[in-house]
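Reading through the structure tokens given below for one structure.
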Amino acid sequence: MGTPSDRAPLAERVAELLAGDGPLPIVAAGDPVLRRPAEPFDGQLEPALLARFVEALRLTMRAAPGVGLAAPQVGVGLRIAVIEDPAPVPDEVRVARGRVPQPFRVLVNPSYEPAGPGRAAFYEGCLSVPGWQAVVARHAEVRLVARDEHGRAVDEVFEGWPARIVQHETDHLDGVLYLDRAELRSFASNDAMAERWAQATPDRAAAALGFELP
Ligand code: ZN
């Protein structure tokens with residue numbers, strides 16, 4: 001059963017969320033908002049409210065901490081996501097995963113398509129599925145078409161870890177969780193990850209847990 005705020009128009013819902021201080025509460029898997037395609041953004045939030053919402057998404061992503069956050073993850077069914085990755089990782093990991101720094105970006109109405117035949121499979125997690133990670137084989141390169149927070153067109157090819165981030169966040173806006181695309185036999189707790197599977201690639205995990213890599 002929904003609370004009255006679930007049925008409020010989006011702008012009211014967002015204004016209500018922003019009335020609190022600090023990071024926004026993150027919605028966990030099991031909430032239908034994570035399983036519905038989000039509405040394309042078409043001015044449902046006036047510019048000042050959109051700017052405050054984007055700032056709250058940034059604050060919430062950093063506090064979590066995470067490298068991306070989609071509006072449905074704070075209960076708002078709009079096609080808006082933020083990404084940012086300072087990539088504080090050792091060289092070996094940076095090279096193996098292509099995990100290079102990704103500056104803060106706002107993706108409005110994003111969509112992606114593969115920009116090449118390559119696949120890359122690595123462990124990833126999600127702030128809406130806390131405590132767990134799994135290997136997901138994703139397009140190694142994608143072309144992302146979107147708008148930014150000022151309505152300017154974005155048409156850009158992403159590769160390496162940033163390509164993974166934009167696919168993960170755009171999928172959220174389509175009601176898709178990374179688990180839908182994961183090698184389920186790779187599913188591992190954060191403790192198991194830290195203890196056993198901190199290598200730069202999931203090759204050893206694949207052999208030990210019994211899953212395929214592309
Ligand atoms: Zn996620």
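The backbone N, Cα and C atoms fix where each Cβ goes, and this holds for glycine too.
Automatic prediction, not curation, is the source of TrEMBL annotations.
Per TrEMBL, these features apply:
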{"type": "ACT_SITE", "residues": "GLU169", "note": "active site"}
{"type": "BINDING", "residues": "CYS126, HIS168, HIS172", "note": "Fe cation binding site"}
Using C-alpha atoms only, work out the spacing between GLU169 (active site) and CYS126 (Fe cation binding site) and round it to an integer in Å. 10
Other residues, Cβ within 8 Å of CYS126, HIS168, HIS172 Cβ centroid (Fe cation site): GLY68, ALA70, GLN73, LEU127, SER128, GLU169, ASP171, LEU177, TYR178
Here the 10 Å Cβ neighbour count for HIS172 (Fe cation binding site) comes out at 22
I want to check the contact list for CYS126 (Fe cation binding site): same chain, sequence separation of six or more, C-beta distance under 8 angstroms. What comes out? ALA29, HIS168, LEU177, TYR178, LEU179
